[in-house]
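Each remark here refers to the structure printed beneath this line.
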């Protein structure tokens with residue numbers, strides 16, 4: 001265990017404000033450029049109808065048009081419209097006794113690949129031999145979101161109302177408030193326990209877990225918890241948080257595996273971005289010849305990305321206003337295709353991949369509170385998508401088409417997997433029906449604080465009887481196939497997750 005940290009009075013004040021004051025994000029006014037000028041208003045993080053469950057996620061319904069609903073995973077976290085804090089409370093008479101969370105890392109700068117694409121675009125449009133006009137005139141004086149891309153790319157943002165460091169800390173405070181009783185239960189009759197948390201071996205994921213732990217437990221969290229970092233290496237087999245790294249066939253199958261998502265994305269943007277490029281390149285001209293600067297699909301795609309990443313770093317972005325609401329609808333759908341076919345229900349490998357975490361969680365749910373009460377895990381979006389696939393809770397009857405936007409789809413990346421997106425499983429104990437003294441365990445799922453009904457397993461208030469949930473999980477795993485066989489791994493490879501366990505303090 002680590003030694004206690006030396007904490008300044010200023011840090012203590014900041015921590016107290018975050019714990020006891022209203023959510024810090026509410027202290028920032030929403031930039032008007034995020035809204036359909038001048039239509040929308042931000043939804044409250046508190047209030048709204050209690051216990052209303054939803055079966056799919058579309059744009060927020062209780063606010064006007066908002067670009068954050070169309071960033072396709074590049075946007076900041078936000079609670080889902082139909083179920084915020086009050087809706088996450090258990091039904092009357094019921095009590096949450098165990099919680100499992102799997103969360104994407106918090107808000108970040110571009111990855112190295114996306115960052116290179118963006119820097120290439122900026123080098124072209126900010127070249128001294130190029131003039132910009134109209135909606136792109138701002139580029140002349142605009143400064144990039146990072147003064148040191150080599151340091152910042154891939155890492156959490158640290159500035160603005162949507163800073164990833166702040167978001168992760170705030171999530172810890174939010175769940176500390178929601179599950180305070182379960183946190184106290186770690187000082188149980190058999191002695192104190194050290195709370196274990198898990199993160200895949202990526203710096204931004206590890207940092208997210210640390211900031212979260214500080215919000216959940218305090219700045220001295222290392223005295224009260226242990227963070228287990230699980231390597232993102234292929235030799236882990238099924239004993240991993242990142243099955244996309246270990247599933248060999250998934251990575252090698254260009255038609256049905258990981259690369260399928262990028263192919264679907266490319267096909268869609270090839271059909272829908274050229275007219276956007278033609279419109280925007282008229283605003284960028286060579287000074288000598290006066291001819292438009294040719295913008296290809298990658299250039300325009302990078303402009304969309306800049307909107308999202310600048311929001312994450314600064315809270316606002318002039319890049320967002322370059323596109324019409326219809327163009328944003330198409331960008332969001334392009335991103336949905338990417339994630340749906342890369343690691344979601346559109347690839348057959350996702351079901352076996354997601355079953356790893358789901359089966360480990362189901363085993364702990366069956367054991368109940370004696371196995372531990374709080375399980376917090378941090379990964380990437382490509383690791384959450386398979387879990388959602390294996391759950392079959394956002395199931396579209398037909399695969400998403402690439403020829404047009406499917407307006408009634410349930411899979412919407414902006415709502416399901418924004419930065420910091422999370423899925424929470426709760427074991428809830430409720431009084432048995434019929435007035436008997438016994439209580440019955442149920443499972444409830446929420447995605448980004450939106451309570452989601454489990455298809456075919458709903459006893460009301462989105463509660464699924466635990467035994468039925470476990471049977472459902474096993475049935476879907478049998479249909480998906482055993483991970484090692486599906487992925488083409490050797491017989492010697494690990495066949496399941498073994499590390500999701502809470503351990504007594506005396507054993508750490």
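Just so you know, glycine gets a Cβ as well, placed from its N, Cα and C.
No curator has checked TrEMBL annotations; they are predicted automatically.
Noted in TrEMBL for the protein shown:
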type: ACT_SITE; residues: 105; note: active site, nucleophile
type: ACT_SITE; residues: 381; note: active site, proton donor
type: DISULFID; residues: 94-430; note: disulfide bond
type: DISULFID; residues: 307-320; note: disulfide bond
type: DISULFID; residues: 457-464; note: disulfide bond
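Overlay of TrEMBL annotations on the structure.
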{"residue": "94", "record": "disulfide bond", "DSSP (3 states)": "coil"}
{"residue": "105", "record": "active site, nucleophile", "DSSP (3 states)": "coil"}
{"residue": "307", "record": "disulfide bond", "DSSP (3 states)": "helix"}
{"residue": "320", "record": "disulfide bond", "DSSP (3 states)": "helix"}
{"residue": "381", "record": "active site, proton donor", "DSSP (3 states)": "helix"}
{"residue": "430", "record": "disulfide bond", "DSSP (3 states)": "strand"}
{"residue": "457", "record": "disulfide bond", "DSSP (3 states)": "coil"}
{"residue": "464", "record": "disulfide bond", "DSSP (3 states)": "strand"}
In all the protein chains shown, the tally of other Cβ atoms within 10 Å of the Cβ of residue 307 (disulfide bond) is 26
Rounded Cα-Cα span from residue 320 (disulfide bond) to residue 457 (disulfide bond), Å:
41
Can you name the residues of this chain that are 6 or more positions from residue 464 (disulfide bond) yet have a C-beta less than 8 Å from its C-beta?
442, 443, 444, 454, 457, 458, 472
I'd like the Cβ neighbour count for residue 381 (active site, proton donor), meaning other Cβ atoms within 10 Å of its Cβ, all protein chains included.
19
Taking Cα atoms as reference points, rank the recorded positions 307, 381, 430 by distance from the residue listed as 'active site, nucleophile' and give the first.
381
Of all the recorded positions given, namely 94, 381, 430, which is spatially nearest to residue 307 (disulfide bond) at the Cα level?
381
Same chain only, sequence gap of 6 or more: which residues have a CB within under 8 Å of the CB of residue 430 (disulfide bond)?
90, 91, 93, 94, 95, 439, 440, 442, 463
Disulfide-bonded residues compared (94, 320, 457) - highest count of Cβ atoms within 10 Å:
320
Taking the Cβ of residue 105 (active site, nucleophile) as the centre, how many other Cβ atoms fall within a 10 Å radius?
28
Length of the line joining the Cα atoms of residue 320 (disulfide bond) and the residue listed as 'active site, proton donor', in Å
23
